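Student: What TrEMBL shows for this protein is this:
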- A:17-54: domain 'Phosphoribosylformylglycinamidine synthase linker' (DOMAIN)
- A:50: active site (ACT_SITE)
- A:53, A:92, A:494, A:531: ATP binding site (BINDING)
- A:75-189: domain 'PurM-like N-terminal' (DOMAIN)
- A:94, A:532: Mg(2+) 1 binding site (BINDING)
- A:95, A:96, A:97, A:98, A:117, A:241, A:313, A:314, A:315, A:534: substrate binding site (BINDING)
- A:96: active site, proton acceptor (ACT_SITE)
- A:118, A:269: Mg(2+) 2 binding site (BINDING)
- A:203-357: domain 'PurM-like C-terminal' (DOMAIN)
- A:436-556: domain 'PurM-like N-terminal' (DOMAIN)
- A:570-703: domain 'PurM-like C-terminal' (DOMAIN)
Ligand SMILES: Nc1ncnc2c1ncn2[C@@H]1O[C@H](COP(=O)(O)OP(=O)(O)O)[C@@H](O)[C@H]1O
Ligand SMILES: [Mg+2]
């Protein structure tokens, strides 16, 4: 085609761009004429679900996003939170679900690359990463291939870039068979007064393109991420983006070096819908127009059209507005790091987004409207029906020792060592707690005692049974994990993974999960400062489990006083804090029922947020005062699994009393919320003054080489460890699951 | 003692190494960018870990051909102490300053974990702070640490005591021949090793077993 | 016995960071006039199968299933 | 312009963890009768040089200086 921009705009073409007829009408009304082909591409990129949050915006606005510690909430590349001493932590989480299903290695790798870029775009050096993964059933034919590719891709990018991976989650369930989840989190450290934003300022200033060259990678990718999967997925393959962690590492160093010179006015990384999104955002935020000259864009393929350049998702690229007098200095820095540097446009005062290619104006659009006037939907939703309560007969009684061994050896509770040993957990020399802990903990460079804690959590089974309680629980568990390490939880990011929002039941899950998240964040002073929404996670009409991942950051003032999971010594008291007199009561949606009997039944556990906070504040106090020698929150698998993990981590056994409860199964495997196990020197329990409404029960002692759960047969720590460590490697070796 | 740390694009444990040298010697090392053709007058040159040039082509291959490496080779020939850790080891091999080659880990997977090292030769400039046969803890983090040398070379370096560290107690993480974790040149002034002693030098790291190496070369009594 | 060589290369348009790095390294070493470098993989495979057609069919299957990532790579097979 | 293909393979006797792993993976996928697999690299290089002899000489130098690690690898060059 001699002039690709002259392609006639047909209803089919509009539909192929994922735009509904009424959305197209909105475009016509906005610009008063038919869009060019390039303009149609630009609109589709800006107005798809992924970029415009058109289905979710209304609800996202209800989340608490502020607090005295918050420097920057949602709306920038990442959230920024004050950690004292003039320092700030910058963090965000983002999904790369669809690309990772199509090409697991590159999909996951570029997901990590994207989130790292979000963080260093703001002037922060990345200091920690996490990854939250959901795969299909272990026996599904694609699962092993996807696990190995995704994990290798995350490692391949993060390790080479040089950021320690300090935590994450891996879970298997058939509901992710055709739609896996890859949510990547990154956090960086910056000076609180040297944060960089995307808002352009000043007219006639150079818009500079930095980083790697533009190819046809991922053209149409953002549109794909907002479409349901179907059997034609194979045809959508050529859009795969390949990550180049080496270029990204160079880009990091070059950006930080450049930022230190004071040359940067505004900066925006090119993520989904690359040049389009970044340029529009910089202009719209600054109430400025942007003029781009595509002939100046560094390309690595011949014959690229304006459309392709505007929609390319080639990785490792940035757009900046620079102080003109610093241009030469800036260029020298980028050349030193072997990166492309090109002035591709300028800021204008006409509030238009004008794009030129080969002497032709291929787009001329109102910049504010492009960003702000995206359609917004109040999609119909129905209130989720709560799951029926469990009947006594629903809960098979078994020997607790046997059940514990089986749980530790199950796909969802076994050790993830196979995964995280492929990640560099130690690089930068500041890792105080690596995966396997309550939370990953990283020392803050340049500070004697300060450290940051990171955790990511969600229980999709709870969310499926009760999106509202599940949303609350995800926040509470994250907050609890941070607390159990001794950290004061500061703020959180979210990654909301759901099915097709056009279905009222799915929209209902979304709405109620957000209500739960918002309520928990408010009650726990744990604002959401950044996040990402991934909808349309469906294959052939089957949605994933609702999976609103929460990633949290906490502050440890003195890391010599943080808590670890492992028992510290023999002969110490084991205390159960925050539990009812029966220790545990709630088995609905428990790992016990699910992993041992295949029963995903019953209601999700309820989170009493006032109780959660009281108990957590008490436990954190004990840790900070040095009274506690080890601490662990109780989550999937209940008390028994928590005790086993503490034993396995230390090699020290434990003797737990027989619970005075009607059912030892509920006591040991119940998943009541707001509970912790801690250890302390003998005699501590008697002296502890717990506040009103916080229960402390002495339930046993550490010591020996076995774990004894009440009257059940003791199990050697060695056997527990063997059970815990063996499932993942043998699964990946192809042995029967 | 003055030390220098070589910096090349893609290296990423340079900051760890600079921090370790600074903490142990009390003095920050000078850093030298890849395009330098001359090195300052130092007693110790360290090439840190990472993924220089993305480890594209072969690990360390492109880095080994950068101008600064000619300067390193000159200094090495004059007897200056040189240490390459991880990617630094790979670079020294590609530069021909050490014998053998590093292949993909036998598992084919990147591996980051703590291993045990046996000090196979305590009578070197790098290990005098350790005892012969001492077992120390040390983390590894690499994808291509599978040491290989042909039979003849192997016989020679084993015979000469050039094998400085071995993976101990069944902890070989990568399939290295003879459990080799670190080798030096015949002259005894250039060491390459895969493990990361710089990540185990203070209580925050959970141990200080890695200090011995730095104390040895920096002439600091343990 | 059949000796075969399988060559796996990146599809056109797929970014090749390795090739790019080698390109610029060659430039740095003073080689002028390098248009482009693309890196791929070679597998030299010895099969017990003696019938070339059957060997080729088996190799094709190996490429599809393991040797090539057909999402981003092409392959070619040479026998003998 | 000259198009060339450089193939770099491991010398005989040099350990090839990747080839070995592929060998056993192929076995695991049910392919029987795999004698051996050795993995190497291929470089597709476009040179501005038009004279084949001069192009080949340049490529040989590139192999010696960068593309192959001649301690453990062999290379071969095909022009055109
Ligand atoms: N993909 C992963 N990457 C890194 N660490 C992981 C990953 N998956 C799980 N982990 C780590 O394994 C440990 C157990 O995970 P999980 O059971 O989800 O923890 P918790 O119940 O404390 O939230 C945690 O320390 C977690 O950080
Ligand atoms: Mg969890």
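Glycine residues also receive a Cβ, built from the backbone N, Cα and C atoms like all the rest.
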Student: Could you check whether the domain 'Phosphoribosylformylglycinamidine synthase linker' (A:17-54) packs against the domain 'PurM-like C-terminal' (A:203-357) - three or more CB pairs closer than 8 Å, residues at least 6 apart in sequence?
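Tutor: In contact, yes.
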Student: Return the member of A:50, A:118, A:269 nearest to residue A:97 (substrate binding site) in space, with distance defined Cα to Cα and candidates limited to these recorded positions.
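Tutor: Ranked by Cα distance from residue A:97 (substrate binding site), first place goes to A:50.
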Student: Using Cβ atoms only, which of the recorded positions A:50, A:53, A:97, A:117, A:494 are under 8 Å from chain D?
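Tutor: From A:50, A:53, A:97, A:117, A:494, none lies near chain D.
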Student: Treating G and I as helix alongside H, and B as strand alongside E, what does DSSP give for the domain 'PurM-like C-terminal' (A:570-703) in helix, strand and coil?
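Tutor: DSSP classes over the domain 'PurM-like C-terminal' (A:570-703) add up to 46 helix, 24 strand, 64 coil.
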Student: Out of the recorded positions A:50, A:94, A:96, A:117, A:269, give me the one sitting nearest to residue A:494 (ATP binding site) by CA distance.
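Tutor: The smallest Cα gap between residue A:494 (ATP binding site) and any of the recorded positions is with A:94.
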Student: Can you give me the same-chain residues 6 or more apart in sequence from residue A:117 (substrate binding site) with a CB-CB distance under 8 Å?
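Tutor: Spatial neighbours, sequence-distant, of residue A:117 (substrate binding site): A:77, A:248, A:251, A:269, A:271, A:316, A:318.
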Student: Between A:94, A:118, A:269, A:313, A:494, which of the binding-site residues has its C-beta surrounded by the fewest other C-beta atoms within 10 Å?
Tutor: A:94
Student: What binding-site residues among A:118, A:313, A:315 are found with a C-alpha within 10 angstroms of that of residue A:532 (Mg(2+) 1 binding site)?
Tutor: none
Student: Return one of helix, strand or coil for residue A:53 (ATP binding site), based on DSSP.
Tutor: coil
Student: Around the C-beta of residue A:97 (substrate binding site), how many further C-beta atoms are within 10 angstroms, looking at every protein chain?
Tutor: 25
Student: Pick from A:95, A:532: which of these binding-site residues has the biggest number of other Cβ atoms within 10 Å of its Cβ?
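Tutor: The largest 10 Å Cβ neighbour count belongs to A:95.
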Student: Expressed to the nearest Å, what is the distance separating residue A:118 (Mg(2+) 2 binding site) and residue A:92 (ATP binding site) at their Cα atoms?
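Tutor: If we compare the Cα positions of residue A:118 (Mg(2+) 2 binding site) and residue A:92 (ATP binding site), the gap is 8 Å.
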Student: Residues with Cβ closer than 8 Å to the Cβ of residue A:53 (ATP binding site), same chain and 6+ apart in sequence?
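Tutor: A:60, A:533 - these are the non-local Cβ neighbours of residue A:53 (ATP binding site), listed in sequence order.
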Student: For a three-state summary based on DSSP, what are the helix, strand and coil counts in the domain 'PurM-like N-terminal' (A:75-189)?
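Tutor: Counting residues by DSSP class gives 46 helix, 42 strand, 27 coil.
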Student: Mind checking how the domain 'PurM-like N-terminal' (A:436-556) divides into helix, strand and coil residues in DSSP?
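Tutor: Once the DSSP states are binned, the domain 'PurM-like N-terminal' (A:436-556) shows 44 helix, 42 strand, 35 coil.
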Student: Please state how far apart, in Å and to a whole number, the two most distant Cα atoms are among A:53, A:92, A:494, A:531, the recorded ATP-binding residues.
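Tutor: Taking every pair among A:53, A:92, A:494, A:531, the longest Cα gap is 16 Å.
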Student: Can you tell me the CA-to-CA distance separating residue A:96 (active site, proton acceptor) and the residue listed as 'active site', as a whole number of Å?
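Tutor: Rounded to a whole number, the Cα-Cα distance is 11 Å.
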Student: Measuring CA to CA, name the entry from the recorded positions A:50, A:313, A:315, A:531 that ends up nearest residue A:94 (Mg(2+) 1 binding site).
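Tutor: Nearest in space to residue A:94 (Mg(2+) 1 binding site), counting only the recorded positions, is A:531.
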